[in-house]
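Contents: one structure, followed by commentary.
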Amino acid sequence: MTSAEPLKVAVTGAAGQIGYSLLFRLASGALAADRPIELRLLEIEPALKALEGVVMELDDCAFPLLAGVEIGSDAEKIFDGVNLALLVGARPRGPGMERGDLLSANGAIFTAQGKALNAVAADDVRIGVTGNPANTNALIAMTNAPDIPRERFSALTRLDHNRAISQLAAKTGAKVTDIKKMTIWGNHSATQYPDLFHAEVNGQNAAELVGDQAWLEGDFIPTVAKRGAAIIDARGSSSAASAASATIDAARDWLFGSAQDDWVSMAVVSKGEYDVPEGLISSFPVTTSGGDWSIVEGLEIDDFSRARIDASTAELADERKAVTELGLI
Ligand SMILES: NC(=O)C1=CN([C@@H]2O[C@H](COP(=O)(O)OP(=O)(O)OC[C@H]3O[C@@H](n4cnc5c(N)ncnc54)[C@H](O)[C@@H]3O)[C@@H](O)[C@H]2O)C=CC1
Ligand SMILES: O=C([O-])CC(=O)C(=O)O
């Protein structure tokens with residue numbers, strides 16, 4: 001397609017909390033500053049009236065780049081010809097729950113949406129899953145869309161990545177832009193492993209600069225891994241604006257490329273890299289270019305990191321087993 005044609009972007013769960021931040025940023029050019037965008041918004045029937053109100057507000061912003069908005073509850077109509085699908089719509093967890101507790105409530109959404117994308121999405125479609133449990137929901141959608149290359153599915157760990165950068169910046173007094181090569185490994189869950197051993201602060205190894213294993217183990221890793229729960233405790237509902245922002249960061253870098261001297265974290269299908277079991281959707285360090293990602297290879301993984309990556313991917317394997325037993329894949 002020519003760059004003058006609108007980018008067709010589907011958002012599911014568009015009347016929800018994340019949708020309320022995401023749609024306005026998409027329409028104002030945060031994804032592609034010089035490209036018109038057409039929004040295709042999917043909701044369940046009872047939420048369509050609320051979504052109509054959100055569309056009224058989008059209209060009222062008179063966004064120059066917004067080329068059209070379509071709403072509906074039929075996935076095959078909404079996904080027709082989309083270049084990017086942001087699968088946000090799913091139930092959020094409440095206090096005391098882990099994201100994996102949502103598997104049976106949310107998993108079925110992703111079988112139906114995977115099938116619909118398989119049937120009608122554009123040939124160049126990219127699919128980003130934000131709805132929790134994001135990695136396994138992406139696995140479900142991918143498995144139910146056999147004609148779409150597996151590399152076109154990704155789950156969101158960019159929020160964790162951004163959280164890790166922010167925590168490290170606060171600890172070292174650096175600016176967030178001084179921090180490069182952050183990595184989140186594994187699942188978007190409390191077992192995720194934010195890795196400082198390959199991260200850099202102004203070119204210096206972050207773990208060496210911090211030089212404080214107790215902080216790394218007792219503070220940094222749990223703060224990042226449990227940030228979602230801390231926000232639920234404080235706000236009474238799960239993170240929304242930051243999740244929308246990370247959803248856009250991830251999609252923008254995927255479609256239009258990431259910085260050459262840096263990498264980002266994306267949960268993508270494993271071909272066995274870093275001994276992550278084949279076929280799991282697990283977070284890795286990746287670079288992106290021309291709409292494709294590639295896993296950064298050749299990083300040395302010490303015993304400390306190995307144990308944490310293994311624990312998180314074991315959880316992903318358990319989730320895969322659970323959704324297989326539920327008949328979702
Ligand atoms: N991966 C990440 O980093 C993050 C993921 N999340 C997850 O994102 C999801 C959405 O969160 P919120 O917007 O806060 O929830 P919300 O409850 O405010 O909105 C979810 C929306 O999805 C809609 N929905 C439900 N089933 C649907 C279906 N089959 N098709 C289309 N829409 C459907 C609901 O009607 C609702 O409007 C949750 O699962 C949450 O846990 C939230 C924050 C960060
Ligand atoms: O914690 C939650 O349930 C929402 C989420 O995924 C996050 O904020 O990382």
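Placement of Cβ uses the backbone N, Cα and C atoms for every residue, glycine included.
What TrEMBL records for 8-150 is domain 'Lactate/malate dehydrogenase N-terminal'. According to DSSP, the secondary structure content of the domain 'Lactate/malate dehydrogenase N-terminal' (8-150) in residues is 65 helix, 26 strand, 52 coil.
The Cβ of Gln17 (NAD(+) binding site) lies under 8 Å from the Cβ of Pro92, Ser237, Ser238, Ala240, each of which sits 6+ residues away along the same chain. TrEMBL lists Gly13, Ala14, Ala15, Gly16, Gln17, Ile18, Gly19, Asn106, Gln113, Thr130, Gly131, Asn132 with the feature NAD(+) binding site.
Sequence annotations record features per position, and here TrEMBL assigns substrate binding site to Arg93, Arg99, Asn132, Arg163. DSSP gives Arg163 (substrate binding site) a helix state. Within the same chain, residues at least six positions away from Arg163 (substrate binding site) with a Cβ under 8 Å of its Cβ are Pro194, Thr223, Val224, Arg227.
Look at TrEMBL and you will find 157-324 tagged as domain 'Lactate/malate dehydrogenase C-terminal'.
Taking Cβ-Cβ distances under 8 Å and a sequence separation of 6 or more, the neighbours of His188 (active site, proton acceptor) in its chain are Arg99, Asn132, Pro133, Ala134, Asn135, Ala155, Leu156, Thr157, Leu159, Asp160, Ala267, Ser283. If you look up TrEMBL, you'll see His188 marked as active site, proton acceptor.
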Sequence-ordered recorded positions from Ala15, Gln17, Gln113, Asn132, Arg163, His188 with Cβ under 6 Å of an atom of ligand 1: Ala15, Gln17, Asn132, His188
Cβ neighbours of Gly131 (NAD(+) binding site) where a neighbour is any other Cβ within 10 Å: 27
Neighbour tally for Arg99 (substrate binding site), based on other Cβ positions within 10 Å of its Cβ: 24
Site extent for substrate, whole Å (max Cα pair distance, Arg93, Arg99, Asn132, Arg163): 19
